[in-house]
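Feature list (source: TrEMBL):
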BINDING   Asp447, Lys448, Thr449, Glu536, Phe577, Lys600, Arg633, Thr713, Gly714, Asp715, Arg803, Lys809, Asn832, Asp833  ATP binding site
DOMAIN    62-138  domain 'P-type ATPase N-terminal'
DOMAIN    167-232  domain 'P-type ATPase A'
DOMAIN    855-1109  domain 'P-type ATPase C-terminal'
REGION    1-49  region 'Disordered'
REGION    1150-1182  region 'Disordered'
TRANSMEM  109-126  transmembrane segment
TRANSMEM  132-154  transmembrane segment
TRANSMEM  332-356  transmembrane segment
TRANSMEM  376-401  transmembrane segment
TRANSMEM  886-907  transmembrane segment
TRANSMEM  919-939  transmembrane segment
TRANSMEM  969-993  transmembrane segment
TRANSMEM  1005-1024  transmembrane segment
TRANSMEM  1036-1060  transmembrane segment
TRANSMEM  1080-1102  transmembrane segment
Amino acid sequence: GAKMSRRRADSQGSLGPDDEVMPYSDDDTDDELEPSSEGEPEAPHAPAEVRVSEMGWKVKANDRPYHHLPEFQKKVCLCIKKSRYSGNSIKTYKYNVLTFIPLNLFEQLRRVANLYFLALLILQIIPDISTLPWYTTLIPLVVVLGVTAIKDLVDDLARHRMDKEINNRKCEVLLDGRFQESKWRDIEVGDVVRLKKNDFIPADILLLSSSNPNSLCYVETAELDGETNLKFKMGLRVTDERLQEERQLAEFDALIECEEPNNRLDKFTGMMQWQSERYPLELDNMLLRGCKIRNTEECHGLVVFAGADTKIMRNGGKTRFKRTKIDELMNYMVYTIFVLLILVSAGLAIGHTFWYEEIGSNAWYLFDGKGQNASYRGFLSFWGYIIVLNTMVPISLYVSVEVIRLGQSKFINWDLQMYFAEKDTPAKARTTTLNEQLGQIEYIFSDKTGTLTQNVMQFKKCTIAGRTYGIDPVDWSWNQLADKRFEFMDHSLVACIRSRKDKDVTEFFKLLSLCHTVMVEHNDGDLVYQAASPDEGALVTAARNFGFVFLSRTQDTITIREMDQEMTYEMLALLDFNSDRKRMTIILKFPDGRIRLYCKGADTVIYERLAPNSRHKETTQTALDIFANATLRTLCLCYKDISADEYEAWSRKHKDAQLAMYDRDIALDRVYEEIECNLLLIGATAIEDKLQDGVPETIATLAKADIKIWVLTGDKKGTVSPFSPTGKCLSSEIVCYFHVSSENLRIRQANRRNELPTTRRGKKKPAEPFFPQPGKNALIITGGWLIDFVDMACECEAVICCRVTPKQKANVVSLVKKYKKAVTLSIGDGANDVNMIKTADIGVGISGQEGMQAVMSSDYAFAQFRYLERLLLVHGRWSYIRMCKFLRFFFFKNFAFTLVHFWYSFFSGYSSQVAYEDWFITLYNLCYSSLPVLLVGLLDQDVNDKLSLKFPKLYLPGQQGTLFNYRNFFISLFHGIFVSLIIFFIPYGAFLQTMGQDGEAPSDYQSFAVVTASSLVFIVNLQISLDTSYWTFVNCFAVLGSIAIYFGIMFDIHSAGIHVLFPSAFTFTGAASNALRQPYLWLTIILTVGISLLPVICIQFLHKTIWPSVGDKTGSFHCEEKKKPPAFQRGRRSRRSAYAFSHSRGYADLISSGQSIRRRPPTRGGPQDSIREVPQREAENI
């Protein structure tokens, strides 16, 4: 019988790097895009054909000692040697019991801030410098490191559990002549194993024999490539015949020579030497780890690669560590603060030197007997100030940011509106470090099949002998074997078949039921089809419903039931489908002895091979165009009769080609071409792959938020063009540039290269725009022109790339990342998207039809594309706004707190004396000011989720990064300087000449410290209250609680009892109770707080009324929708005109649709009229 095998010819069709030849591994996505290679596609590499001489991997069956021979050892380090064959246990965890603490500490101390605090701690232990006790740094540092370490530990324990579970799975291994149960981790290279139905495959195994005829074995490869359909593997004929019994297997002693372990999932070359014969091995003989045995009772195999050498483990790729833009900014800001800190400390140290020479050395009461000169004291003072002012670099910053991100991730996991009930899959944030980046996305790269579509195929229409069928619904009650879920619209076709008059119609469905590679299972009298692709399943199901039922197949026969009688056809040859042939052919011998060839394939390929006298070419072509425009996937069907002599001659050539050692694929292709010619057209089928729910709406909304969507797909152009990212399909104003002709592009490229590079880099836009008319352009391109097209593509609203390999998908993403410096998100559902998901700033996996590969390497996962809108416009936007608010405030509160020491130093001889009490400094960031800010970072919303989705324009500030940048940072800095000035100088002025009620002056250092500290705590907590836009009970509790905790702890620390216990650590005995008895000091505190907050309140008021942000407007519109119309309408005008002058578009749609219930004053000219004139269309874009 003919050998059923899938071969992949090298694709010569594509320009650019040839993907079959160039392995696409995960590790080299960014490195290939060197600036030098801008433009020209690389020349295809020479085919990496593995010659026999290069095969360096030797495996001997049933011979464990062989693999431990010295020749197979490799040096690990110095004199330790290890076998080059790895064991079968895998390890994905990072730490073990011994290495956890050292490794984790090492990783955390690589963070600049943590290292800096460690250095401070060491400085504080030196007695000459120490201005603050060591515990002020130690306590926060321990808390910070501890929290992070616990988080890492929990993550790592989960990995340990996974590894343990996998390594302890059971499997039968042939030891001492019989099969014994063994754990996966004990399997070694060269072992013979027995696998049962539904077992996972423990290593990369050479299939020797199986219980199916001809040693066929079916595997499901979902974990490997995400496809849930079955693939079949074949044992070699020789091993199939001689290796069925246990005894035979135990005596098996072949030597396998094959390629070294690598990550190519689509290639394997090797040789088996056994009983002085050599047999070629290929991928079809290999069962790869990670697949599952299906429809096969048991099979035997020989382990070739184990553990870390297996292809699936080699494919893991390095997980890239992703960081957000805000993270990078934050680090730069910490460096900026650090530079400031050194400058300020140096200035104060110089001040101290001068002061000591002029005043300090002459004051007898300051003599300390140390005999140090002025410059040495200045030097010590420098280090002292570094310690005092260290709180400018906030240690708790990083930990708070982690906590906030963790909270945001939990909110995503808990969001019921992103939970898909049918599959019971909630959304899952798999990474907790990227949330605010979701609010800054500019480009989305999406896969098409399964991501935008459901990957459920339906047979919709067909054209047979020039006549098109498929308009109204059909009742299937006449056919008991029909699949009830099948829908088709057209009675005339059914009538045609049942009358059996029309020869073409019967031929058409006979072809569909015979020409395929579907497997069939009988489940309780029901037929279940296992197809290699959903399209193929849909076609066979269609034939089945129309009365041509595929029943069973063996190696060389196919049985179908035509209407009522069973027929068995002998299969002479099966010429399988692959991505370059784009067609599949089967040659059958009918029961009456004639030989007929059936072929189905893509219209482009079939039309080239039709006989000149074939009928219905034109009518079918028009039908095909109509189908393609309705986004249906089309296939053409044709046949041809062959004489016995012709077949004999061809069959001999076919056998020779199958045995060719080198370039076997090319030889086979030549032979295939000879027989697939002069075909006669029967008709064509059209299958629909439905869009998922809500996809067009989601895309439209995201487009309004100025997010550009690119679709990268492996499908051909026809299936994509009508479906397009700009909302409800390619909308009418969008000009389509198909295949921008390569001549055009070459000229353009030449012009661009000849310009001086300087001019090109300088301008933001390319010298001449690519498209004649600006406006909405869509670009639909094919493989070859990737590099130079970035500039062109970015002028478009929508870009669709067709026939893109996984490697190219990743390249497109990194091109945009690199040249546009934009934040990118890619979303996909299959293993072919993994590269792209790992390359983009944020990767989203859809847990859908195609296995879990994409989800495993993604940062966020959910079940339906439409949830992306909520993830970005609601969660992403909120996370970004919260994080920015949090950071702005955090920097402010630390500046306001620390710079008081700076002003104080002018009055203390620059002697690095602290302005507050030590314990206040220790606890300020931990207890007194942390909770309210944290809660704003977790819970704040400027507008609620419904409005966020209703007005996508609210997303823009995130893309432009306007809420947190250097400008905001310096505003926070100056705000902090202003507040610290007030906190210091108002109490200072109040204390200058004052007298308490008891006739004593309360103007001592300790009372002063209490007053400044209390003012600071009030100001910081009230300021955050002003910045909170969404109040909950928790926020309220936190603000009041922080103030209460402050007073509670202060009175404890200033109590006499604690001083008695630790006299050296607690020196402020009775200061608080003494100071806060004086009404005068309370008035001072109130004055300080008032003066600090008044300017802020004024500025906020002005901002909201005169320069409202889009968010403010949306919020106020929302309120106005709810309010009743006021009866009295004078003086409405100023408020109205504020909107008319605002810089962004007005809300004409709200007003004109009558949703905003505010009545218009009858006739009053003036600015508010300009609102009404905003055209409806424009307003909808908000």
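The backbone N, Cα and C atoms fix where each Cβ goes, glycine too.
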Long-range Cβ neighbours of the transmembrane segment (1036-1060) (under 8 Å; 6 or more residues past either end): 917, 919-920, 923, 927-932, 934-935, 1010, 1013-1014, 1017-1018, 1021-1022, 1024-1025, 1066-1073
The transmembrane segment (886-907) and the transmembrane segment (1080-1102) contact flag, 3+ Cβ pairs under 8 angstroms: no
Which of 919-939, 969-993, 1005-1024, 1080-1102 contacts the transmembrane segment (376-401) most, counting Cβ pairs under 8 Å: 919-939
Residues in the domain 'P-type ATPase N-terminal' (62-138) grouped by DSSP into helix, strand and remaining coil: 35 helix, 9 strand, 33 coil
Chain-internal residues, separated by at least six, CB under 8 A from Asp447 (ATP binding site): Val711, Leu712, Thr713, Lys809, Ile827, Gly828, Asp829, Gly830, Asn832, Asp833, Met836
Close approaches to the transmembrane segment (969-993) from elsewhere in its chain (Cβ under 8 angstroms; 6 or more beyond its ends): 333, 336, 888-889, 891-900, 902-904, 907, 915, 1002-1003, 1007-1008, 1011-1012, 1015-1016, 1019, 1080, 1084, 1087-1088, 1091-1092, 1095-1096
Thr449, Asn832 as binding-site residues, winner by CB count within 10 A: Asn832
Residues from the same chain, set at least six apart from the ends of the transmembrane segment (1080-1102), whose C-beta lies under 8 A from its own: 975, 978-979, 982-983, 986-987, 990-991, 994, 996-997, 1002, 1007, 1010-1011, 1014-1015, 1018-1019, 1022-1023, 1026
Mean predicted confidence [pLDDT] for the domain 'P-type ATPase N-terminal' (62-138): 83
Contact set, same chain, for the transmembrane segment (919-939): CB under 8 Å, 6 or more residues outside the stretch: 132, 135-136, 139-140, 143, 391, 394-396, 400, 403-404, 407-408, 882-883, 885-886, 889-890, 893-894, 897, 1009, 1013, 1016-1017, 1020-1021, 1024-1025, 1027-1028, 1030, 1032, 1034-1035, 1038-1039, 1041-1042, 1045-1046, 1049-1050, 1053, 1066
Proximal but sequence-remote residues of the same chain as Phe577 (ATP binding site) (Cβ under 8 Å, at least 6 apart): Thr517, Arg583, Met584, Gly601
